[in-house]
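A short write-up of the structure that comes next.
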Amino acid sequence: MPVKRSLKLDGLLEENSFDPSKITRKKSVITYSPTTGTCQMSLFASPTSSEEQKHRNGLSNEKRKKLNHPSLTESKESTTKDNDEFMMLLSKVEKLSEEIMEIMQNLSSIQALEGSRELENLIGISCASHFLKREMQKTKELMTKVNKQKLFEKSTGLPHKASRHLDSYEFLKAILN
């Protein structure tokens, strides 16, 4: 037997069913990030005006200015000042490291009184003192190497890169002259 099917759409169609208030529209694609697919939370999160975009991408848009700043000419003076400041900070760290070692010893004695390893696991008392001493020694060695290299460059008049490419004869000749 044939089955008769009919769609009763007359009740569903109304005259105002196509009003803009009833049609749900998708959000603008512009508000979504192409990399993450997430919606932008704030309108002020990234610059939207072209002037702000120019300032933000100035270097990448090949609008580079020549770098004749006075700060670049003073870079040699600032490196010596930075080196001196670094050495002063290093000496402060050495002094403070001794205090830290004393505090760690006190904590380890407290740990011995407690009889548990929870304090050691929490703070890491057992190996921290060795690491601190080792790092301080490495930093000192590196700073002395840097200072020796700078003194060598000043005495020979050769830049560091040029001294790398010399063979032993040219190196000795440069030192003697």
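Along the chain as shown, residues are numbered 1 onward.
Even glycines carry a Cβ here, placed using N, Cα and C.
Looking up Ser21, Ser50, Ser60, Ser71 in Swiss-Prot for phosphoserine, the annotated residue turns out to be Ser71. Cross-referencing Lys22, Lys63, Lys140 with Swiss-Prot, the residue annotated as SUMO2 cross-link turns out to be Lys22. Candidates Ser17, Ser116, Ser155, Ser163 were compared with Swiss-Prot; the annotation phosphoserine appears at Ser17. Looking at 9-13, 29-33, 89-93, 109-113, the range tied to motif 'LXXLL motif' in Swiss-Prot is 9-13.
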